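Swiss-Prot lists LYS79, SER159 with the feature active site, charge relay system. Annotation comment: Swiss-Prot describes SER183 as active site, acyl-ester intermediate, evidence class sequence analysis.
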Amino acid sequence: MSELTALTIAEARDKLKAKAITATELTDAYLSAIDAANDAINAYVAVTHDQARSMAKASDERIAKGEAGALEGIPLGVKDLFATKGVHTQACSHILDGFKPEYESTVTANLWADGAVMLGKLNMDEFAMGSSNETSYYGPVKNPWRAKGSNADLVPGGSSGGSAAAVAAHLCAGATATDTGGSIRQPAAFTGTVGIKPTYGRVSRWGTVAFASSLDQAGPIARDVRDAAILMKSTASLDLKDTTSVDLPVPDYEAALGRSVKGMKIGIPREYRVDGMPGEIEELWQKGIQYLKDAGAEIVDISLPHTKYALPAYYIVAPAEASSNLARYDGVRYGLRVPGKDIADMYEQTRAAGFGKEVKRRIMIGTYVLSAGYYDAYYLRAQKVRTLIKKDFEDVFAKGVDAILTPATPSAAFGLADEVLANDPVKMYLNDIFTVTVNMAGLPGIAVPAGLNGQGLPLGLQLIGRPFEEETLFQAAHVIEQAAGRFTPAKWW
């Protein structure tokens, strides 16, 4: 059965088309793999055995009739942030206990319309707030990778840690994820998978639990660049239910793979050389530059002067929006309810019991920066900085730069329950140092594995593109992937 779960989406698609395998066989292989591994990895918070089998059966019937969709019979995992009709959707928070929506998110509806099969809901940081998948009410996810000669558990990154771990451990063919400040790209880099955060507005946010509405964007995590391109094509669409959704044709992203990057101008931002960055990250970056240079790309030095303000500005804007978005969870209509002596007390008791520590921290920060005395000093200033960050990118792209190459993360995956990071949230927030600028500017960014560190752990590079030019990112990322190879963890679970 493991040979079936080893197939990429592209390989499985071809075998299903040729009737060499059935969707039912493929789905059963994944369900068996999940049942055997999930206690160890904790990637899934709900496994939809019956639904998966009935969807696979329907796929087999459509294939037999010659009516196969673009993702017909491909088994996928869904981050617990996406509404799935009648199925556990709790954003991995205690406050949404037992919530099963009556509607389907646009992203998942698009995937099911193309014939994909749902295996279940994937673990994540609570309300997508975290960089290590340790804030989930359902416990942490373990990275399928381990350092050479060590049995120590590592984090898979966050907030889409369940998505990245499930893809890396072959517990789904691909997964949906979301990215508010790096939540697709950082876990992808930590697990040796490919993750793309599309341009803001390219993929509908309707039916996705909101964290920071002006920053959130859904995208796929997959095993390789081709699979990410295939999933992206099915995910992206115009959606009138999302006012920020953009009416642009969805290109065939897969067709961009294999196109030459000869003459493409790749920018290298000097501000991304941060103090204390490990030598192996700098080495990897140089390797990536060489891969693109060898393929004919032109490498140019660029400056993004406001980069150093991105992280502090992000940790004002995102919590401010979160404090507003999370005000709706009060125990009245759905989810957890803790009784109180009156309605105000019930609200307080429910929110105190329902939200985890990190979520409470961000609600408090957000409420503080939006309060009358501090709005101008913090929130308004952060929004002005955001405009300057966006202008930095616009200036660079106006000079003819096609894409920007940076490291995806400042390190490889770190240990689970790291005491230093647990006691210093700012150190944890620094994990997003290379990724937040992309969300602040609404641009597309892709993380692609480019090598292993000295301990045998995966490291990723990030490519940042012009708005709505995801094709360029797939094109350049494919060049890096072809040169660097693909990376799979040794099985310990």
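Each Cβ is built from the backbone N, Cα and C atoms, and glycine gets one as well.
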When a 10 Å sphere is centred on the Cβ of SER159 (active site, charge relay system), how many other Cβ atoms does it contain? 34
I'm trying to understand the geometry here, so how far is the Cα atom of SER183 (active site, acyl-ester intermediate) from the Cα atom of LYS79 (active site, charge relay system), in Å to the nearest whole number? 11
Whole-Å Cα distance, SER159 (active site, charge relay system) to LYS79 (active site, charge relay system), is 10
Under a criterion of Cβ-Cβ distance under 8 Å and sequence separation of at least 6, what residues of the same chain contact LYS79 (active site, charge relay system)? LYS121, LEU122, MET124, SER160, GLY162, SER163, ALA175, THR176, ALA177, THR178
Indicate whether SER159 (active site, charge relay system) is helix, strand or coil by DSSP. coil
Under DSSP, is LYS79 (active site, charge relay system) part of a helix or a strand, or is it coil? strand
